[in-house]
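Noted in TrEMBL for the protein shown:
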type     : residues : note
COMPBIAS : 736-749  : compositional bias 'Polar residues'
DOMAIN   : 465-743  : domain 'G-protein coupled receptors family 3 profile'
REGION   : 736-759  : region 'Disordered'
TRANSMEM : 458-483  : transmembrane segment
TRANSMEM : 495-514  : transmembrane segment
TRANSMEM : 534-554  : transmembrane segment
TRANSMEM : 575-598  : transmembrane segment
TRANSMEM : 635-656  : transmembrane segment
TRANSMEM : 676-695  : transmembrane segment
TRANSMEM : 701-721  : transmembrane segment
Amino acid sequence: REQSGVELRSVLIPRVPRSPPLSPPTPPPWPHRSLLYIGALFPMSGGWPGGQACLPAARMALNLVNRRSDILPDYELELIHYDSMCDPGQATKLLYDLLYTEPIKVLLLPGCSSVSTLVAEAARMWNLIVLSYGSSSPALSNRQRFPTFFRTHPSATLHNPTRVQLFQKWKWTKIATIQQTTEVFTSTLDDLEERVKEAGIEISVRQSFLTDPAVAVKNLKRQDARIIVGLFYETEARKVFCEVYKEKLYGKKHVWFLIGWYADNWFKIHDPSINCTVEQMTEAVEGHVTTEIVMLNPETVRGASNLTSQEFLAQLMSELGGKNPEETGGFQEAPLAYDAIWAMALALNKTVGPLRAKGRRLEDFNYNNRDITAEIYRALNTSSFEGVSGHVVFDAQGSRMAWTLIEQLQGGSYKKIGYYDSTKGNLSWYGNDKWIGPGPPADQTVVIEEFRYLSQKLFVSVSVFAGLGILLGIVCLTFNIYNSNVRYIQNSQPYLNNITAVGCMMALAAVFPLGIDGLHVARRQFPVVCQFRLWLLGLGFSLAYGSMFTKIWWVHTVFTKKEDKKDKRKHLEPFKLYATVGVLLGVDVLSLMIWQIVDPLHITVEKFTREAPKGDLDVLIQPLLEHCSSEKMNTWLGVVYGYKGLLLLLGIFLAYETKSISTEKINDHRAVGMAIYNVAVLCMITAPVTMILTSQQDASFAFASLAIVFSVYITLVVLFVPKMRRLITRGEWQSDAQETMKTGSSTNNNDEEKSRQLERENKELQKIIQEVTPPSHWSTLAPSHWSTLAPSHWSTLAPSHWSTLAPLPLVHSSPLPLVHSSPLPLVHCSPLPLVHSSPLPLVHCSPLPLVHSSPLPLVHSSPLPLVHSSPLPLVHSSPLPLVHSSPLPLVHSSPLPLVHCSPPPIGPL
């Protein structure tokens, strides 16, 4: 290795005697060739005795070049070399000898980085090109300081592109470094810092040491370093990893990057300066990664020398005379020295033509001739050929571009895991890397983002109930539409009930988008789901609750006002009811449209406290939850909840106020009130609770969806099931249909016949009345006389008078009202109906009931109401109807009931 900080070998080589200053030139095979001399410094001893293998390799190359007729045919290269002992002081003296001793040298060929630094800095003063075969110091990549320097040994910074590539491959963005404070490692680390910064990678910790790495390793441990690049020599590497073992800075959470030119068993070598065993060192270094410059072409190709890398090694072993390569200094760098001679020869050969064009020759070179130096520089700078060390090419700083070998220590031995070609940026990966953990460790404590999704069992369960509810709504809607002609259904405002059923189904349909989250749809589609949630639930509530609210509001309006206003509103047109629902729906649609235009819904992600999973403390789980939200979500919810809350409270109030009212116009208003109670209570509980539980997706969904399901089920069951039960058990749709058919046919075909029969019956009744009672009481009274009759006229008629009457109907067709105010009941038990068709009302104000026990109905067809203000009931048990078709009411104010159970009728009154 280099004494200045690049490559020093740990193998001790006996010092070789220094070569004579000038090697005796061998006679050229072609006498007419001119000699070109090359001055070389090979460290045969010292800190890095690389010349032991590099010098034989250079001679091999020189002999092949001199034998080639296509390379420098008019010249022969001669090597003049000295032993620099890798010592800058010794090299200074030898450089003086080379420069001031004949013959003139065309190029210089130094070895170690420290020697190359001295030679390259001085060579520009003599216009000499310097080509090094064994210098890796990054400091030499400085064209301003070393303008004529080239090297076939790659710079130590060539490891850095490979390291950056590996960092990116394993997705590391944070690293740490520890270095020995020498120039070569400092400059290498500076270059690494620039490269990782360009790649977006951060050096979070940077430590250095001179001799004792204990404090630096502790600082790495304290700052939670995971990915660590170590730059130090082999002896210091053993000290570092002894401290690494003590601090437990290894294992599945850590990766170390080291230099690849250590000996394969460097961690097993006994070192008295550390107090760790071989087993402890082996455990600490397991799994680390090394990067090493490829100095021998791994491919079987023949380059400029017409030799493959394996053939070169065989010839080199022959030149070494069977020496052990591991004990021969510079054996790994020998291919670089071999290719350095070929690069030099090819560059000189390339200058022959341009120089000849200028009238110059290579043998005309002297230390003052810059033109020839410039031609040699230009030729070397554009060199590109295949050598035994690989493809030879130089970058702008004169450094060799080469492949990098990547190895990993697996089971105590190094395994090749890939190559990296920095010239092409190509990473060749074997895929056999092994890790102590499940994979490459994280560069810091890994935070895994994990979205929380709704429980699928809960979603499916609630969806089943919602689906069944929609089916129930369809059944109720179909039933209501099919039986819309039935009188009982008509009296319940079926169109409002249809709107209620549709609103209930829309509310149930909102359950499905409420349960859809990122598990079911892509993130870009999630805002559409948010819109479906909002609109289905909002419009469903407006339709279902709005129609029920309209019913209860109308009942309250009609039956809780004063008598004069009540009469005006009893005949409220249906379109007003639908208009009320439309207004409520329009308010919702308008508010939702404004909301979505001004502040549309979008996805927000809520972050929770990080959680540590069981079994691996190096990983933290970051729970996330997606929400549908907007910038001013609370403001919009406050407006919507406030408006709908007021409607709910008003609905409860109206339902309570009308609980005791009975009306045929809306015969199910009590059921509507009960549904309003349930809906209001569930909504007022659910709305605030879901806002509190918004961070708990399962509880929030369960509360909201079940409230919707229960509200809908209660509404549909309360409104529609009683109607179904009544129509099924009583068969009212059949009787109403039959009655409708009979009424229609009799009205269309038998009106004239009925009129004639009634006239005949009236005549017969007049005769019967004249026989039973004095004519002065009944037959002589004109219609106008009714207004002069006092109630006492009625009291003279005993109930027994009625029982003697014939079984004919009691017909009342007078234009004035039939007034009954007698303290005794008016009893009608005739098998024929009591018919009242007078245009004036039949007034009953007796304190006793009007008793009707006839088997036929009491028919009232007058356009004015039948008024019954007696404190006792109106009893109708007659087998025939009491028919009232007068435009004015039948008024009964007698203290006794009007009893209709007599078979004989009273004549036409």
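Each residue's number is its place along the chain shown, starting with 1.
Glycine too: its Cβ is placed from the backbone N, Cα and C atoms.
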- Stretch contact, the transmembrane segment (458-483) with the transmembrane segment (635-656), Cβ-Cβ under 8 Å, 3+ pairs: no
- Query: Against which stretches of its own chain does the transmembrane segment (701-721) lie, if we need a Cβ under 8 Å and a gap of at least six residues from its ends?
  - Reply: 454, 458-459, 462, 465-466, 469, 472-473, 476, 479-480, 497, 500-501, 504, 507-508, 510-511, 514-515, 537, 544, 548, 668, 671-672, 674-675, 678-679, 682-683, 685-686, 689-690, 693
- Note on the structure: Per the Cβ filter (under 8 Å) with a sequence gap of at least 6 from its ends, the transmembrane segment (635-656) is approached by 538, 541, 545, 548-549, 552-553, 555-556, 584, 587, 591, 595, 599, 672-674, 676-677, 679-680, 683-684, 687, 691
- Task: Average the per-residue pLDDT over the domain 'G-protein coupled receptors family 3 profile' (465-743) and send me the rounded value.
- Result: 81
